[in-house]
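Marked as domain 'Nucleoside transporter/FeoB GTPase Gate' by TrEMBL: 1-97. Annotated domain 'Concentrative nucleoside transporter C-terminal' per TrEMBL: 102-324, in sequence order. Annotated transmembrane segment per TrEMBL: 5-25, 31-53, 74-96, 158-178, 269-293, 305-331, in sequence order.
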């Protein structure tokens with residue numbers, strides 16, 4: 001269901017490149033970043049191109065100039081590729097159930113963030129040779145008309161779709177094997193719940209907490225960051241979509257001591273933090289792709305790729321920090337109003353997280369003889385409904 005969307009996006013992008021719209025758009029965005037950030041034309045155009053295409057396609061825009069760029073510019077080019085995602089897979093993540101607006105915003109924000117981070121990691125100490133402020137020629141496609149461009153875009157997506165499918169199958173199988181092996185080792189020490197996500201959670205939990213994730217959710221986000229770093233972001237977003245689905249369905253937040261979903265704010269921060277190609281699997285793609293475009297820079301590419309991956313990860317974390325600062329929780333309806341409106345209708349309401357929490361608070365207030373909802377005028381219908389939702393024993397109800 002997801003992979004055909006990749007074919008569609010690849011076809012549309014190829015058509016837009018043929019008519020010249022993408023070149024115009026990338027040029028304008030790159031010019032804006034060049035003016036406001038003081039970066040060179042080559043690295044600005046590549047960073048702007050990474051908003052729309054992948055990390056191996058965007059350097060093609062400035063292919064003639066790659067052999068002449070400095071080490072800092074080359075590092076910025078690689079960092080931009082690691083800190084953004086391709087437009088072709090954007091639709092796939094949206095179809096998972098991840099917020100489209102946050103994914104689009106994250107992809108745009110990561111472009112200037114990647115340049116800022118790249119210059120911190122590898123400051124410019126040389127004099128750039130490609131300094132044209134206008135007239136920088138971008139590579140164009142070789143298709144004769146729009147239909148041929150659409151056909152080429154669809155054909156190009158075959159390798160991408162096959163690559164995603166094969167990697168997803170292999171990584172999920174490898175993850176299942178690792179979890180089984182770790183669980184077996186953990187059972188020897190009376191800890192059978194040991195798995196790869198738990199290990200990643202402890203490693204990346206400090207980073208997720210510093211980004212603004214709630215303490216209770218920081219371990220879950222840490223596990224997602226581990227999936228993204230050691231496997232790929234496709235696996236991480238697939239796991240995040242399940243957490244979002246669990247929250248929307250409602251139900252018990254904890255099952256056997258394991259948290260089943262996060263708050264909306266934690267989901268938003270995780271969406272931004274995962275929005276990048278910074279993983280070990282992409283190292284080979286970047287080194288191989290850029291080396292084929294600029295063979296004379298092979299040594300510099302191999303030497304700076306790992307540092308660029310770390311810089312790309314930091315850029316994604318920076319955008320997640322900004323998203324965490326700007327994201328505020330929505331206005332919550334008081335529980336006595338929510339319960340009254342929900343159970344006074346003829347149809348039984350859908351089980352939601354807010355309804356579940358209000359019913360829990362209602363029972364807690366009675367058990368502890370507290371007036372949890374002051375001024376509430378309750379009928380029997382909210383009590384009966386909450387008994388049904390929480391599956392309480394008949395004695396309490």
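Every residue gets a Cβ built from N, Cα and C, even glycine.
A TrEMBL annotation is a machine prediction, not a hand-curated record.
The helix, strand and coil residue counts that DSSP assigns across the domain 'Nucleoside transporter/FeoB GTPase Gate' (1-97) are 76 helix, 0 strand, 21 coil.
The predicted model assigns the domain 'Nucleoside transporter/FeoB GTPase Gate' (1-97) a mean pLDDT of 85.
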